[in-house]
Amino acid sequence: MKVHKGDTVLVISGKDKGAKGKVIQAYPKENRVLVEGVNRIKKHVANSANQRGASSGGIVTQEAPIHVSNVMVVDSDGKPTRIGYRTDENGKRVRISRRNGKDI
């Protein structure tokens, strides 16, 4: 998967189209990423008392994973780009921007 944790991405389709956010977590097996502030859902959490006696529960708003095909990585210029790979002088694979050829 070409999108990694910490990347800034732009949502290109879906209900949050046009939103930018930082990837909080990547799920390579499911081809999904968790993006900060994008695809927010309301989750109903049961009441539970913690050790100090305070109860927590109710309706909680949180982010849900979004499919990786619905996001594009934003490069250093602030524009969305596709990702390519090249090998550096040490033989390691480095991600590059397909738009301008710079390292990401």
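Cβ atoms here come from the backbone N, Cα and C positions, even for glycine.
Annotation source Swiss-Prot lists compositional bias 'Basic and acidic residues' at 82-92. The list of residues near the compositional bias 'Basic and acidic residues' (82-92) in space but at least 6 beyond its ends in sequence, with Cβ under 8 angstroms from a Cβ of it, reads 2-3, 72-73, 98-99, 104.
Panel annotation: around the compositional bias 'Basic residues' (93-104), residues 2, 4, 7, 73, 75-77, 79, 81-87 of the same chain, lying at least six beyond its termini, place a Cβ under 8 Å from a Cβ of the stretch. What Swiss-Prot records for 93-104 is compositional bias 'Basic residues'.
Annotated region 'Disordered' per Swiss-Prot: 82-104, in sequence order.
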